Amino acid sequence: MSVIYVLLAISIVVAVIFFAAFIVSVKNGQYDDSYTPSVRMLFEDELVKTTTTTKNKKNPTK
Amino acid sequence: MDSLKCYHCGDECGTPPVHFDNKDFCCNGCKTVYEIFSSNDLSYYYDLQTSAGTTPNLVEGKYNFLDDDSIIEKLVEFNDGNLQIINLYIPHIHCSSCIWVLENLNKLHGSVVSSYVDFPKKTVRITFKSQYLSLKELVILLTKIGYEPYISLDDYGKTKKRTDNNLLYKVGVAGFAFGNVMFLSFPEYFQVNGFWIDQYKTLFRWLMFAFSLPVVFYAAQDYFTSAFKGIRSKILNIDVPIALGIIVLFMRSTIEIIFDWGSGFFDSLTGLVFFLLLGKFFQQKTYSFLSFERDYKSYFPIAITRIGKNGKEENAQVYDIKKGDQLLIRNQELIPVDGILISGNAQIDYSFVTGESEPVNLNSGDKVFAGGKQLSGSIEIGVLKTISQSYLTQLWSNSVFQKNKSDNFQTLTDSIGRRFTVAVLSIAILATGFWLFYDSTKALNVFTAVLIIACPCAIALAAPFTLGNLLRIFGKNKFYLKDTTTIEQLAQIDTAIFDKTGTITTSKKSTVSYEGLELTSDEESLLKNTLRASNHPLSRTLYNILQEQDIMTLDDYQEYLGKGIEASKESSHIKIGSASFVGKTLENNLEKTSVHISANNIYKGRFVFQNEYREGVSRIFKSMSKKMDVSILSGDNNGEKSRLELLLPKGTPLFFNQQPEDKLNFIKSLQSQGKKVMMVGDGLNDAGALAQSDVGIAISENVNVFSPACDGIMDASKFKELYKYVLASKKAMKIIKLSFMLSLAYNIAGLYFAVTGQLQPVIAAILMPLSSISVVVFTTGATNIMGRKLK
């Protein structure tokens, strides 16, 4: 049994893993909206700052 | 004067501005919104974009229909009694701060669980606890912060469309297989024989075979079905030689590896399919914020107020409205059905239906038609016809709306494909015939080699990349087309028909002329000060045009909805408004929008508003009329005829008083004369004509607002460039033809190897990608150079 079989098996397994990841990402709708997440990501830092101060002020009715 | 800008909306602050929190606001509305944001620690909104808000404008009772459970049920995506999920379309979403505010809705109201914005589609998906916050309250909350959702009949019970990811999967499969097959075929490129390769080549070959299976049977599916359809309807489209090439590649490669004749052409096979699919993918540019398939449903309301038998008002879904019902139409509401006016001051704007911009005054007993918009106060109407039988909506039962234009259109690629297929098949048969005679062992080899090498990969790629790229360039220039076929059709246009109102005129009316007795300076000052208090669009326009006057306080001021305004100061008295309001009997000058003035009960004169024509109308007609037939088809009356004749080249045919049906039939009759017609329009009244024409282009002041079903949407500011875009499409077709020559050169080179029977897999594997890549580089490069000139 040559090492080439092991290498081939590994290479194909790795390729299949990435291929599966691609299929899953399309299924999850990651390709439906490719713009908003890029903007949303930039808000995160600011959010942390504001949420700490809002907690005590939050008013569930309005 | 002070040029204070409102902190919230950026409008000029009135005098005096509203001061709050050391900031200036133009109105209390903006102040309130600021208060809501700042008290909830959302003032970061203003850091993202200054003056991000616009004035919220809530019509009382507009969303009463959202109290109705059966309507809610049709609108929401999910509802379990506690939680509801709704996807709302908010046309106002335009910047990153919009995303930020809408995704922080849960801070404005505790019952909002989460909200996600889809920016390109301008939608927000909100999950909320419905027992604490009803859908109506949610919509009103959104409206208050300036993000009024647009809910129309189109949303009602529509099946949620999933985006079609099929092509994406296919590209993924083909790319995956292509990469792996390339990798596995490398050893045999460099080593023809030897101990190592002899030992492992069978394994490599069968692995390649395995990888190519999903490519042939899944990824390339569309080519087989398209080729099959083409042959069945006796058209040799470009997919026929492609499908033939794929089948031959696969069969020959499989036979080769079974009998150990060679390594097969799996690398070329997977590469071919991958490149072709990439081209298809590139061609598919969709503008998710636009819709090219709108009909009247996107304009019509979901529900309307019905007056029940006991006189109570109730919400009725428009499909449930029956003949004999009584409806209450509020100010600014759209009449969804044909009916008869029972009571109220009806002033109805039929611009949706006819394109006529002047509102019509009606008396009780008159007929009202679906699609009209009530402009002043509430009216009551009795229903004569249900929504589907109404005059405007019947237009959509015309067969034009059922057929798909691009189905019958033969693209340049397909027409070349026909000749190409014939040529390839005859070369293959001739070469095989020669070899049968000369060396029959090679005959089959040559036959398959010709079909493989002649597979028109590069030809099939030329059009998608040229047109796909042009589609993107047009998109950047605010000219949005439905698909690439539209560009090809645009290039063949020889007749252009324009609508008038809203298409070659702007919606603003800013050219004003005064006719009548001269006003004294006192009267002028009173006029200006009276107009200052009015919010009517015509008053605002007139106010901005009149000379600056000292500000004074009026003793008395009264505004009559739909009629006019009346004011007095000391002994002078002024009336501004419609002719009947100022006490003047109408003459025959009905067709002009005008504001009449009377001072101290003496008729003075009138300000006449004129439609302003778009910039460059005259020039564009001049240059277009040299190359094609141009005419105007207007739903309006002929009041502007003399002005248009001055503006347009001599002899331009002008047609007035055209009903939607007439416009459609007009285009049809031109087409039956063999003309390729482009229709440029804007409203629902053009919908039939836009659908019937070869290329229907909708002009829109704001592309986010609605436009009827069409093939392309153009931003109004780019109207003057329209002809340039037509010329660019023509040039694009030339680029495609040039790249056909380029790929033919490669094919001829390849055919030499094929016909002489010396086609090696490695040659095919080099030639095919090389020709494809050079075609892609050439087409995108050429279109980019052309695109630069467009700006």
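Cβ coordinates come from backbone N, Cα and C, glycine included.
These come from TrEMBL:
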DOMAIN    B:5-79  domain 'Putative metal-binding'
TRANSMEM  B:167-186  transmembrane segment
TRANSMEM  B:206-224  transmembrane segment
TRANSMEM  B:236-255  transmembrane segment
TRANSMEM  B:261-282  transmembrane segment
DOMAIN    B:305-397  domain 'P-type ATPase A'
TRANSMEM  B:420-438  transmembrane segment
TRANSMEM  B:444-471  transmembrane segment
TRANSMEM  B:735-755  transmembrane segment
TRANSMEM  B:761-785  transmembrane segment
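Most Cβ pairs under 8 A with the transmembrane segment (B:261-282) among the ranges B:206-224, B:236-255, B:420-438, B:444-471, B:735-755 are made by B:206-224. The domain 'Putative metal-binding' (B:5-79) scores a mean pLDDT of 68 in the predicted structure.
Nonlocal intrachain contacts for the transmembrane segment (B:735-755), taken as residues 6+ away from its ends with a CB within less than 8 angstroms of a stretch CB, comprise 412-413, 416, 427, 431, 446, 449-450, 452-454, 456-459, 462-463, 466-467, 763-764, 767, 770-771, 774-775, 778-779, 782-783, 786. A contact links the transmembrane segment (B:444-471) to the transmembrane segment (B:236-255), because at least 3 Cβ pairs that are 6 or more residues apart lie under 8 A. Across the candidate stretches B:167-186, B:206-224, B:236-255, B:761-785, the maximum count of CB pairs under 8 A to the transmembrane segment (B:420-438) is reached by B:236-255. Counting Cβ pairs under 8 Å that are 6 or more residues apart, the transmembrane segment (B:236-255) and the transmembrane segment (B:206-224) reach 3 or more and are in contact. Secondary structure of the domain 'P-type ATPase A' (B:305-397) per DSSP (helix as H, G, I; strand as E, B; remaining residues coil): 11 helix, 35 strand, 47 coil.
Long-range neighbours of the transmembrane segment (B:206-224) within the same chain, counting only residues 6 or more positions beyond its ends whose Cβ lies under 8 Å from a Cβ of the stretch, are 170-171, 173-174, 177-178, 180-181, 184-185, 239, 242-243, 246, 250, 253-254, 257, 263-264, 266-267, 269-270, 273-274, 276-277, 280.
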